[in-house]
Amino acid sequence: MTMFEGILLTIVTAATPLLFVAIGELVSERAGVLNLGVEGMMAVGAVCGFAIAHLSGSPILGIFAAILGGMIMASLFAVVTLIFVANQVASGLALTLFGLGLSALIGDAFVGIPGIGLPKIDIPGLSDIPVIGSLVFGLDPLTYLAVAITIAVSWFLFRTRGGLILRSVGDNHVSAHALGYGVVRVRFMAVLFGGACAGLGGAYLSLVYTPQWTQNMTAGRGWIALALVVFASWLPYRVMIGAVLFGGISILQLHAQGFNVPIPSQFLTMLPYLTTVIVLVLISRNRTLLRINTPACLGQPFVPDR
Amino acid sequence: MRIELIRRPERSSAMSLLSPIIAIVLTVITGFFIFLAIGVDPLEALYIYFIEPLTAWWTVEALLIKAAPIILIAIGLSLCYRSNNWNIGAEGQLVAGAIAGSVFPILVPEWNGPLVLPVMLLMGIAGGMLYGAIPALLKIRFGTNEILTSLMLVYVAQLFLDWLARGPWRNPEGYNFPDSREFDGWQVLPVVFGDDVRLNAIFVLIAVAVAWFVLSRTITGFQISVLGQAPRAAAFAGFSQKRMVLMTFLISGGLAGLAGICEVAGPIEMLRTSVSPGYGFTAIIVAFLGRLNPVGILFAGLLLALSYIGGEGIQIVLGVSDQITRVFQGMLLFFVLTCDTFIFYRVRFVSTRRSAAAEATP
């Protein structure tokens, strides 16, 4: 394997967790719910995945535990914001604080234990093709899952009746309600999907990216994923592009640190965060693009009148 | 079974007083079960967490020391949130204030006279304000989401501080520890009360009083509320939304910066790689628990400071991770936000069967 291939591979592994989390948040935002708790859901997913994989010896069980963990966290948020119509921004922050604390509490017993990595898929023959072989056919199964979910979400949102209902709920909840769609029910499911994806993103960190548990191992990735959704102007395929871009930047800074570039490591570590700010500024200058795609009811509470 | 919310004709004043109390009670009850789940005696744990810190004078002092920065920041944040500006980067503005305020005591340590502390405090405030102005200006100029930018800048500030403390500002005589030189003499906040309660406790009282006055007695306070609750009405009244974005971010950034330099010149007495255990985030909870009201924030800040002290106590005595503090804080914010719903809504439980029957016979 050449070094170039190696770098491309690490970019893919850095992009995958972002893709999981961002695509889940995209669905929930398309339904009109701004869930700022992704960082917390991701952390809980990471610790659940690691703990169950360690205790059962099966990384597959760990992944399911991570999905479940993320969904339980998401359901907390959904109950508070959708049924009790609490402020979504503040509730999301609460979910992040709660999730980071809870994951650290659960993970206390698992610090320093080597984790169980997920085996990579290896298709004999195909994986041996130079350059694209390992990049297209030799990845870990979760990366394929992330891409599959992205394609499925794009198809669901723009090619199915269910997707149309979900977008109508996010764009005009009063009309959607008047047409007889259960606004709260649709949103609840969208938030749960977001939680499941965030859990998967977390599991990817603790089972594939660095198979171990450390406190705060999400390191702001949940927030970057939130920015990715804005960057992608709520379109699934652009999330994929954005995830690779941000994955690339975080890998670039790692390699730069490895090559003793004469810039202090702290400044290189800042890069993904600074890039997020710059990208957000650039994207928000294009107001028409945002106006067309931003769900009109994003973050607004809805109380059905009867 | 279904839950229905019915809007009250007017806000319930009983609930607006009761809701924080109900939230606290619910948090304690849930905490009971969490302690049970992790296998410690829940009653003993709750006693250590919530009661024991109040039984000794030195822990009460520790509580006041922790409460001061939290309340200062929360006062500023409450102005932001009232006007619908979501500054969640107070932690970064705190760090910026700590760095800016430390410029003179670290680079010009010989300067040690009565003027040095006021200059440090002003530099700290200015540092926090400048850092808070970044997300505000980006929001005004480009419409960039201030939630994400203010939060991203927290990581940037913390990494910058880390570089300063390990690199150029490290104490050359510090045996390679990542700390700056210790501040001394006039560079340190004077103790005003007890053994270690410093001047920033007075700043807190002033901030609470001024915020209360501004919010309830001035046109600016009125503008803040109108902009938050009815942006269109505010636009027709000619209140400038853009000016308010900048103003609230400058105030909250400045107060966070003040809190930051007061930590560095106060309990810590030096610049380190980390100067705050997340006060900027805790202040968000305090602002909401205090119902965005300055006096409420004063009490809420004391309670959240208790959660820090209690968390430390429980780690020492029972060996439970002090991360339980964040669990409690997150839970409390959840409960507060949920309970706030009952100020504006009544809840009715409808049995699905009966409502289906009612719909069948209109």
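Glycine is no exception: its Cβ is also placed from the backbone N, Cα and C atoms.
TrEMBL lists A:7-27, A:33-53, A:60-86, A:92-117, A:129-158, A:188-210, A:222-251, A:263-283 with the feature transmembrane segment.
For the transmembrane segment (A:92-117), the residues of the chain that approach it from at least six positions outside its boundaries are 34-44, 46-48, 50-51, 53-54, 57-59, 62, 73, 76-77, 80, 206-208, 211-216, 218, 222, judged by C-beta separation under 8 angstroms. When each of A:7-27, A:60-86, A:188-210, A:222-251 is checked for Cβ pairs under 8 Å to the transmembrane segment (A:33-53), A:60-86 comes out on top. Listed as Cβ neighbours of the transmembrane segment (A:7-27) (distance under 8 Å, sequence separation of 6 or more from its ends, same chain) are residues 1, 35, 38, 42, 134-135, 139-140, 142-143, 146-147, 149-150, 153, 157, 166, 190, 193-198, 200-202, 204-205, 208-209, 221-222, 224-226, 228-229, 232, 234, 236, 239-240, 242-244, 246-248, 250-251, 254-255.
Long-range neighbours of the transmembrane segment (A:60-86) within the same chain, counting only residues 6 or more positions beyond its ends whose Cβ lies under 8 Å from a Cβ of the stretch, are 33, 35, 37, 40-42, 44-54, 92, 94-95, 98-99, 116, 118, 142, 184, 187-188, 191-192, 194-200, 202-203, 206-207, 301-303.
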